[in-house]
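**Student:** First, the structure itself, so that you have it in front of you.
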Amino acid sequence: MWHLRGRSSVTAAAAAALHKPVAHLRLLLAVSAWSVPAAASNVAAASTTTRGGPSPSAGVAPRAMPSSSSSPPSAAEGTTAAAGGFRLTEPSFLESLMPKKEIGVDRFLAAHPEYDGRGALIAIFDSGVDPAAAGLQTTSDGKPKILDVIDCTGSGDVDTSKVVKADDDGSIVGASGTHLTINPSWKNPSQEWHVGCKLVYELFTDTLTSRLKKERKKKWDEHNQEAISEALKQLNEFEKKHSKSDDAKQKMAREDLQSRLEYLRKQAEGYDDRGPVIDIVAWHDGDVWRVAVDTQGLEGNKNCGKLADFVPLTNYRLERKFGIFSKLDACSFVANIYDDGNLVSIVTDCSPHATHVAGIAAAFHPDEPLLNGVAPGAQLISCKIGDTRLGSMETGTGLVRALIAAVEHKCDLINMSYGEPTLLPDYGRFIDLASEVVDKHRIIFISSAGNNGPALNTVGAPGGTSSSIIGVGAYVSPAMAAGAHCVVQAPAEGMEYTWSSRGPTADGDLGVSISAPGGAVAPVPTWTLQSRMLMNGTSMSSPSACGGVALLVSAMKAEGIPLSPYTVRKAIENTAASISDVPEEKLTTGHGLLQVDRAFEYAQQAKELPLVSYRISINQVGKPTSKLRGIYLRGSNTCRQTSEWTVQLDPKFHEDASNMEQLVPFEECLQLHSTDSSVIKIPEYIMVTNNGRTFNIVVNPVNISSGLHYYEVYGIDCKAPWRGPIFRVPITVIKPIALSGEPPALTLSNLSFKSGHIERRFINVPIGASWVEVTMRTSAFDTPRRFFLDTVQICPLKRPIKWEAVVTFSSPSLKNFSFPVEGGLTLELSIAQFWSSGIASHEPTCVDFEIVFHGISVDQKIIGLDGSEAPVRVVARSLLASERLVPVATLNKVKTPYRPVESNLCSLPPSRDRLPSGKQIIALTLTYKFKLEDGAEIKPRVPLLNNRIYDNKFESQYYRISDSNKCVYSSGDVYPNYVKLSKGEYTLQLYIRHDNVQLLEKLKQLVLFIERKLEKKDFIQLSFYSEPDGPTVGNGTFKSSILVPGEPEAFYVGPPSREKLPKNVLPGSVLVGSITYGAVSSFSKKDDQNQHAPASYSISYLIPPSKVDNDKEKGVSSGRKSISERLDDEVRDTKIKFLSGFNQETEDDKSSWTALVASLKPEYPKYTPLLAKILECIVQKATSDDKFSHQKEIIAAADEVVDSIDKEDLAKSLSLKPDPEDEEAQKNKKKMEETRDQLADALYQKGLALAEIESLKTDESTEASAKDVFEENYKELIKWVDAKTTKYGSLTVLRERRCGRLGTALKVLNDMIQDDSEQPKKRLYDLKIQLIEEIGWVHVSAYEKQWMHVRFPPSLPPF
């Protein structure tokens, strides 16, 4: 998975740029020893196979084409070569930091300096652009650079629906509870102030938060060390004064001082800064909505960050003003107000990525023009699609709102340097809406192709897989290598970065449209504390291309050339400079390297042509295949015979095209060409009208060699051949190698690698293979070498099966690998030496590579144990060679299904959530409740929706997990995460959006699974048997066997024993895990910690119904009590239980409850359970009026409970140890324990009431008397229970507090809080803050108050 498609240097700021980097771990692994960025994600490589005739590649048309060259312009212009090396001058060095020559920008601007992007508006769909960053304030002609800054995800939303009014001195109480002073100069005719608050770290990136935490902890540690020193001084002084005292009071005083010191030391160890709270205030000044922010908590200085000192902001688009939270963070933000002041969006970036992207596209540096972006005259809007709550992951909500904003602002271009893998190309809700934006609103959409190279089929969505979006690959020139990457010796020629994703798509489309420079030193946000940074990736090539297209837009607008995404795309593709003469390299580079000047010449010449694009859909004749966008033959079977394909060619006009003036007269005569007539057969001419035309293609790959082959069928306008290909049908043929031997193996000897070289092999994986063991040996080189190893297999309706490794060889050596494969599918093996690895060495790397296929086939890949005692029979075979059958099955997770307890549909406010078509987006909120009996790591899963963002017809999915205190523990989207939760009850809310209410209605009972990890000690290892009765009888254990090729071996998988099942698992839950069958061969065991074969399969066990307890009714002697007596007991207990049914909120309820109590007491005098229930109800009764009388009532009720109990008899009974076999004695003991608990609870409640009365009284004499009663009551309590436990600890805390032993009180209270058997109680934390303030630890009090907003927020945040 990736989403940000850029890489950065190995610095703290760089880490922020790539918080959830492009693909897996390659960002971290692919950093070149001397090249800052060489961080790549998934692997993909340039093709080395060369087959097929000449292609109408970029810039080289089969007929007259606009002036172009077959190779990119020399990147060495302005440099000097010495001894075969590459040297930079100072100007060319600066140029290399922001590459533009490579795409012809220098030539274009030299001819048209006024067409530098002026008049072009670009929407940046990314992580949020910093409006304070260098080069992003104005355009080259003095206009504002950034016209709007929008958080489309909602991650910065603050609920400001609470309205307050100022008091007489001009102060209000903010949402955080802080008293805020209003600036008297602020106009507010209504005098209504909307207030909200937010933890400021929720607005910051992890990198910025980490820096702030370090800075703030330094200051906090200083204060804490002072407090520790003072506490230690007090303890030492006490020890000197009372060193030999054995007095109990002196001992307790000493313990108190020791507790204070211990508490401070533990605070330092457990310090976790969750950040201060900022208060947000919004109001309407009579003209517009305004926002002010109070950041005193962040400043750390009472004189800074005050609300009244803040310069009010309004929606950014109105005044284009931004704020800075504090000097410490240097983080800028903007504000947008929605829903009549009830919602304020505080917009910050979630990564430096977007600012860097925006700088490449359009930065303007008047003092250093060489560092300008590609289109310094262009203007921008920032659409934040990366959600800060999710680390910077894009969300469906963010993507759709961004499209809405782009249309609303009438943008000319969109740049999106984000993406994900997909199982279906050109499919999904966002793809549909993006196509509408392009086709109807004429916005040019440009996106990154992905960083998953060097293997083929690695382009991601949406850039590399969507017909309406221009996907851009990443190119590195010699100048970029020498300057931006600072390599010791630049390569002689430019090349595609090793990690740049390659095509084709699963449905045969080319995947990569064009290439552009994929690295730059560009602006980054101010909070990084630097002005610019080096990043590379297709994230950088996309804005480079987008900036180049913005120049075209600027020129076309200025010269009155009709602007259309169709025309622009044809211009840039047909004039791109070829990077390689090898046809197969088109899958790597697309049509070539963008050339702005030539594209403009093309656009000028094509200005009178119809604004039309040809859409292609292809079907194989005789097969009911889905509509394809290319022909893709991948496998030995498809290459053994000739195939015929029907191509449907449909002209696509913009939606506002006139029927009579454009559609009816449209007619084009096209001559068809193929790049290799020996393989591809086509008609010679076709006539195309508005309703389209079909023609057939015959592909005969029978006689071609093994490997990769790429061909094209393209049409040329007979009347205007200079236009180049009007449409192209990409044809990719992969003919794999068939292996032999036992086991099947492929040996590649003496492969020679230099920097950037890629070797590809395509292998027909034998049926029956399930894993591969690889040996890679290197030799004959000097400096360390880094290699990317990738394998890819394509499965229908599934993301590509991909394995990858990044390996560094410090010296000649051998490495072993093993990974799973799917039998019967073609496997691509890519071995690539990283583009900058060994670049200064003249010695090639010699590589020997051996790949051996192994496999154990089973008759059922997914095993489901149904919860019964019966085992499951499995039949295993080895089809390739002898293998050792060693089954291992482990159940390590439990999945519990839940249905929503509540579902709610609501129409969202139109300010952000109305589509350009006018359709209103609707939200479905599903509420689930679940309970954990013990702490656990859990992950919510929604099988219908998870793991699909672009290839999903539902717009958005977002969940959050909270407790009864409204504390949010976790949130997530399409890729749920594990979160560690304590014991307790939790609420999960799932938020789904769409404009079709009928679709949402179908999801109202959507099943969600809570997946819980088992602790390692609780993993369940299943047993195997050679007999069907083995699990029951306990014999016939199966351990291992040798499989002879073709001969089946059967065994049974037994269910887990009842004793091994996890506790507190609900029936209907499913234990899940994995099972493996084979073992890797001995040569690779040294490298593999786990010697089991890497091919694993799913296994599950359904939790059966609970055991029926037949012992419940045993021991009930019919002769002990008569039926009449038992009936009386039942009636009595029901009446007592009924007491809890009164809420006592109304006078009628109170009088009814009192009457019931009055009737029950005489009927059941001295019956302790009744009196205990009465006490419980009185304690729970609301007391807003007379608190003193209420406490007196509690004391009276508690005394009645105490008086009802014979304490001597109780003590005697509890001291006796009953006979464990005497059932009656055991029941009596349990009854006595219940009575003891009722006594203790009465004493506890009485003590709390006495303390409360004491706090309400002011008369000293009564206070002294109350102290005696309190102490007497407390001493009675500790006779029966440990008063320091969680249940009774509050009274101990009050007692220690009354005695002035605040340290001891704090210790007891902290122990209560840390007991995770219950969820946090606000009253305990409030008491904790009171104790800390009484001690005088200001810094600890401030810390705890900040945590209160985390544990007990006033409300759940908006979605």
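Cβ atoms are placed via backbone N, Cα and C, with glycine included.
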**Student:** Can you say which of 45-81, 156-192, 230-266, 1081-1117 is given as region 'Disordered' in Swiss-Prot?
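**Tutor:** The listed stretch tagged region 'Disordered' in Swiss-Prot is 45-81.
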**Student:** How long is the line from the C-alpha of His353 (active site, charge relay system) to the C-alpha of Asp126 (active site, charge relay system), rounded to the nearest angstrom?
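**Tutor:** That separation, Cα to Cα, works out to 7 Å.
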**Student:** Measure from the Cβ of Asp126 (active site, charge relay system) and count the other Cβ atoms within 10 Å, all protein chains considered.
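**Tutor:** Other Cβ atoms found within 10 Å: 33.
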**Student:** Under DSSP, is Asp126 (active site, charge relay system) part of a helix or a strand, or is it coil?
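**Tutor:** Going by the DSSP assignment, Asp126 (active site, charge relay system) falls within a strand, counted as strand.
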**Student:** Can you tell me the three-state DSSP label for Ser539 (active site, charge relay system)?
**Tutor:** helix
**Student:** When you measure from the Cβ of Ser539 (active site, charge relay system), how many other Cβ atoms are you left with inside 10 Å?
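**Tutor:** If we count other Cβ atoms within 10 Å of Ser539 (active site, charge relay system), we arrive at 37.
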**Student:** Taking the Cα atoms as reference points, how far is Ser539 (active site, charge relay system) from Asp126 (active site, charge relay system) in Å?
**Tutor:** 10
**Student:** Around the C-beta of His353 (active site, charge relay system), how many further C-beta atoms are within 10 angstroms, looking at every protein chain?
**Tutor:** 33
